[in-house]
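As written in TrEMBL, here are the features:
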DISULFID  Cys60-Cys66  disulfide bond
DOMAIN    23-166  domain 'Peptidoglycan recognition protein family'
DOMAIN    34-172  domain 'N-acetylmuramoyl-L-alanine amidase'
SIGNAL    1-22  signal peptide
Amino acid sequence: MQRQQKLLCFVILAIALPACLAITIQPRSSWNAAAARSPARIPGKVDYVIIHHSDNPNGCSTSADCKRLIKNIQSDHKGRRKFSDIGYNFIIAGDGNIYEGRGFGLQGSHAPNYNRNSIGIVFIGNFDNTTPSQTMLQNAKDLMAHAVQQGYLKDDYTLLGHRQTKATACPGQRLYDEIKTWPHWKSL
């Protein structure tokens, strides 16, 4: 009887798990984010995900280095660029973590003409000549699936590289080539 109960539990878990993807997003407090100035809310589900790279030549591989780089990006965005906060909604880092930038439901400052209807995801590093790690790529895919599941992103969303929204090399050629193979990517 006990073996049958265990088998039944296993079958229930195997069926239920794909429907309830669980990811861990490191909160803003983990990288000591400064408070945002008047964040603008986005009502409902958005249509786009825009992929960026931070263009930091060496990226990061430890939590301490990644958090320092994220904090530096926020300081640059709020200071020199006069944004209300870090421009991106989420950060994919080389330490294996997903970090909250602005988060869900808040307008980013990452892609003119798309900010009000998108989630901006930045990969820390320069991906002109190298592709992000498999962990980083999977984290981004999991984050997008989570966004759909939680009602922040439309099921039929469009995935774009930053270079499709303005004249820039971002997100780097190798990362751009990679996302072009993902199901939601579209040519404009």
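A Cβ is built for glycine as well, from the same backbone N, Cα and C atoms used for every other residue.
Heads up, TrEMBL stuff is auto-annotated, nobody curated it.
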Original post:
What is the total of other Cβ atoms whose distance to the Cβ of Cys66 (disulfide bond) is within 10 Å?
Top reply: 25
Original post:
Could you give the mean pLDDT over the domain 'Peptidoglycan recognition protein family' (23-166), rounded to a whole number?
Top reply: 96
Original post:
Going by DSSP, how much of the domain 'N-acetylmuramoyl-L-alanine amidase' (34-172) is helix, how much is strand and how much is coil, in residues?
Top reply: 38 helix, 31 strand, 70 coil
